């Protein structure tokens, strides 16, 4: 059976020009970023801004699939083209997550061994247990309004950053910048490799608006903000290429979504923090980091070989 990417690419001969694909990707990027700035006046991490921007990205997701749907070949279901198929889902999720965890092996191991991580996990479990108990108690007592209030507590302002970073951003960004753009480029004749290289540029460009945030709300000097955003553009583009590869290899959007959430949870490794976690030994921190990278390289083909994933 042919991979879905090959089937989509075969449609290129009867598809509109490549400019349609690039224009569609540009329109998706403009919609995603532009709708964020419908709401202005407060920093991006203010609870009010976060809630409003969640509405914005939901709207962007609601229209980003249209350019792809408009030119989808007959016989290909839209959800299949967007990577929303459930075929082979467990492996499509577990293997990329394992590979990414191996790459972060050093920082991840140090974090898991950190007593502060254990304390935070115990506290989180205790809070979750108390929350479930309060919901159950209110429900048993027939106090449905109180139960509904307790159920809504995870959506309170104090948790919005977590929702944004671990749920909303991974789901919406991967849907728009991978799920909607990659099949569109393939259908217009771009090769798999070119698609992997092009989509991250739109993803990286979508983060350039942070320059405005840094200057206007954090009052960073312009040259400092430019350097910070330029570095962010580079690593988001590299990350985006990896995420696009995961989508095309697994044919499942769940893979890049969950890997994105995991990477947001890990964050960019902090050398000083890792040294502290390694009991003050930068050599140990560096050795563990290098071991993780090497293990990811060694495991790459065994974990990600195309034979492990459904081809259509």
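A Cβ is built for glycine as well, from the same backbone N, Cα and C atoms used for every other residue.
As annotated by TrEMBL, transmembrane segment applies to 20-42, 54-72, 92-110, 194-212, 224-248, 283-300. Summarising the annotation, TrEMBL assigns domain 'CAAX prenyl protease 2/Lysostaphin resistance protein A-like' to 160-266.
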Q.
Please count the residues of the domain 'CAAX prenyl protease 2/Lysostaphin resistance protein A-like' (160-266) that DSSP assigns to helix (H, G, I), strand (E, B) and coil.
A. 91 helix, 0 strand, 16 coil
Q | Tertiary contacts of the transmembrane segment (20-42) (same chain, 6+ residues out, Cβ under 8 Å) | A | 48-49, 52-53, 56-57, 59-60, 63-64, 67-68, 71, 172-173, 176-177, 180-181, 184-185, 187-188, 190, 198-199, 202, 205-206, 209
Q. Ranking 54-72, 224-248, 283-300 by Cβ pairs under 8 Å to the transmembrane segment (92-110), which is first?
A. 283-300
Q | Same-chain residue ranges lying at least 6 outside the transmembrane segment (224-248) that approach it to Cβ under 8 Å | A | 5, 83, 96, 174, 177-179, 182, 192, 195-197, 199-201, 203-205, 207-208, 210-211, 214-215, 255-256, 259-260, 263, 268
(Q) Mean pLDDT across the domain 'CAAX prenyl protease 2/Lysostaphin resistance protein A-like' (160-266), rounded to an integer, is what? (A) 91
